[in-house]
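Marked as active site by Swiss-Prot: CYS273. Annotation comment: Swiss-Prot describes ARG81, TYR220, GLY221, GLY222, SER271, ASN387, SER388, ARG389 as substrate binding site. Annotation source Swiss-Prot lists Mn(2+) binding site at LYS229, HIS249, ASP296. Residues or ranges marked as GTP binding site in Swiss-Prot: ALA272, CYS273, GLY274, LYS275, THR276, ASN277, ARG389, ARG420, PHE515, GLY516, GLU517, ASN518.
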Amino acid sequence: MTAATIPGLDNAPTKHQGLLEWVREVAELTQPDRVAWADGSQEEYDRLCAQLVEAGTFKKLNPEKQPNSYLALSDPSDVARVESRTFICSKREIDAGPTNNWMDPAEMRGILTDLYRGCMRGRTLWVVPFCMGPLDADDPKLGVEITDSEYVVVSMRTMTRMGAAALQKMGDDGFFVKALHSIGAPLEPGQKDVPWPCNDTKYITHFPETREIWSYGSGYGGNALLGKKCYSLRIASAMAHDEGWLAEHMLILKLISPENKAYYIAAAFPSACGKTNLAMLQPTIPGWRAETVGDDIAWMRFGKDGRLYATNPEFGFFGVAPGTNWDSNPNAMKTIAAGNTVFTNVALTDDHDVWWEGLEGEPDHLIDWKGQDWILRETETKAAHPNSRYCTPISQCPTLAPEWDDPQGVPISAILFGGRRKTTVPLITEARDWQHGVFIGATLGSEQTAAAEGKVGTVRRDPMAMLPFLGYNVGDYFQHWINIGKQADESQLPKVFFVNWFRRGDDGRFLWPGFGENSRVLKWAIERIEHKADGKSTPIGIVPTAADLDLEGLDVDPADVDEALAVNADEWRAEVPLIEEWFEFVGEKLPTGIKDEFDALKTRLAEDS
């Protein structure tokens, strides 16, 4: 079909010439049966969900257990982000850096243009306008995703400010990020569709200079919901580098003291380190309260007062289900229980509720994430996929801070970096200054937790928890962090801390109880900000003693707390060659400031012997 004969192209609800030309160009290439413009309304959402139920993609859940909620089971080949098929196609290879896959942008465009040719036959091309962050921000970050997946359209309504209001914000000539997505599964006339169409060939490609995202072959999560990691981190980090701000893989937490003073904390953790649990913290210390601003992404820029302010660009939670329960994260469970959730790859109970590993009450029988019968104590495989998800509106979170969508953001008092380390890294360490804090973030690592991820216990470096999400060279990224610190007075900058909830004793048990008790560790950090708490200087930074922490009412062996806080110089000397290996991998763009911090650490460790 020519553009002139594709229904829906000529009655677009916008006069934005650049957008109209792009939609027309994509429609001529991909050959959909029709073009539709998503308006973000409840009516549209309900209609598309009903359509997905009819197609077999969604199962409607028991309205008494999960109101207005649905379960989707993906193709077993399409269950997670695919780092090996994710590309940063900068003009020069050096600008992608050693942590990213790179291909020449012209070559990549050629490959993908061939794949996109006719790829939407038999389907609807959806035009999905959206905004990351509040619509009334001074500089709203707008985007348009073109997709042939209704699953994507309904999920984007939950995860972003999507629809007519975002389109209106673009006006007739406003800038927007072009995000093109196809599942790569055209339908011939009369061909029966499958419940989860996708393609074995997958590309998730970013063009940082032109601020474009091209994704092909996957219908799942971060590969397909292009506002999430693709825009909010990979493209936004390139924007932030050019414009003097930070786009980070961080939760934003509001802590309120007994004196009713609010402190905002941004925290970066690699996967499986409890980011969502901390974002929805329930403090155990009397008088302290916590509220949620965001659980995954923080955009930070300086305010007029010289402080660093953070906004959460997202509109929903896209959380990992397994391990989430009424004990580990009651606030996430309350958010989900309010309804309006799309679950993907969890298990289905006999009464059409959902279940996953770690959830209370193990049923005798389930339909697992592959659609097979699962029988308690007989079936050896997991009922829910380890990366199964819930997609639910942030507005339903009972601990949501009222200012979560303030376009000015919230002023950050502390930045935490944290990993999963059995040894070496203390419960909390305060950086000496901003540059030392950047060094701590640059060397952040987590031990591998399963043999499939690599050798168990091997430390995988994940700088600022951004390893899979950097839109440009990691060395330039470290330098950008250092430069950000030079834009403000040191006294105005957030203090930087390094935390490790996961240290273990010689017998393998956790030394610190974690979860809500982590509020005791955060209290010390706040007292350091207020110059009210002591700490001792060590080769790696300032570390509290057990006496410096508020342990009142905590049933824990004082010797365990001492061990959790210990700085063992021999363990740190063993860490030095691991850091050296990582910095060699970063290569020639490793900033001088980071090298200076590393040299200073080695000197302090030598003096400590």
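Positions of Cβ are set from backbone N, Cα and C atoms, glycine also.
Projection of Swiss-Prot feature records onto the structure.
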{"residue": "ARG81", "record": "substrate binding site", "Cβ within 10 Å": "19"}
{"residue": "HIS249", "record": "Mn(2+) binding site", "Cβ within 10 Å": "25"}
{"residue": "SER271", "record": "substrate binding site", "Cβ within 10 Å": "15"}
{"residue": "ALA272", "record": "GTP binding site", "Cβ within 10 Å": "17"}
{"residue": "GLY274", "record": "GTP binding site", "Cβ within 10 Å": "21"}
{"residue": "THR276", "record": "GTP binding site", "Cβ within 10 Å": "21"}
{"residue": "ASP296", "record": "Mn(2+) binding site", "Cβ within 10 Å": "23"}
{"residue": "ARG389", "record": "substrate binding site", "Cβ within 10 Å": "28"}
{"residue": "PHE515", "record": "GTP binding site", "Cβ within 10 Å": "17"}
{"residue": "GLU517", "record": "GTP binding site", "Cβ within 10 Å": "17"}
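In the three-state DSSP reading, GLU517 (GTP binding site) counts as helix. For the pair ARG389 (substrate binding site) and PHE515 (GTP binding site), the C-alpha distance works out to 21 angstrom. For the pair GLY274 (GTP binding site) and ASP296 (Mn(2+) binding site), the Cα-Cα distance reads 11 Å.
Nearest Cα neighbour of PHE515 (GTP binding site) among the listed binding-site residues (GLY222, ASP296, SER388): ASP296. Comparing LYS229 (Mn(2+) binding site) with CYS273 (active site), their Cα atoms are 18 Å apart once rounded. In the structure as shown, the Cβ atom of CYS273 (active site) sits within 10 Å of 23 other Cβ atoms. Sitting within 8 Å of the Cβ centre of LYS229, HIS249, ASP296, and not among those site residues for Mn(2+), are the Cβ atoms of LYS228, SER232, LEU233, ILE297, PHE469. When the record's GTP-binding residues ALA272, CYS273, GLY274, LYS275, THR276, ASN277, ARG389, ARG420, PHE515, GLY516, GLU517, ASN518 are compared pairwise by CA position, the greatest distance found is 26 Å. When the binding-site residues TYR220, GLY221, HIS249, ASN387 are ranked by how far their Cα is from the Cα of THR276 (GTP binding site), HIS249 comes first. In the three-state DSSP classification, GLY222 (substrate binding site) falls within a helix. When the binding-site residues ASN387, SER388 are compared by the number of other C-beta atoms lying within 10 angstroms of their own C-beta, ASN387 comes out lowest. A separation of roughly 14 Å, to the nearest angstrom, links the Cα atoms of GLY221 (substrate binding site) and ASP296 (Mn(2+) binding site).
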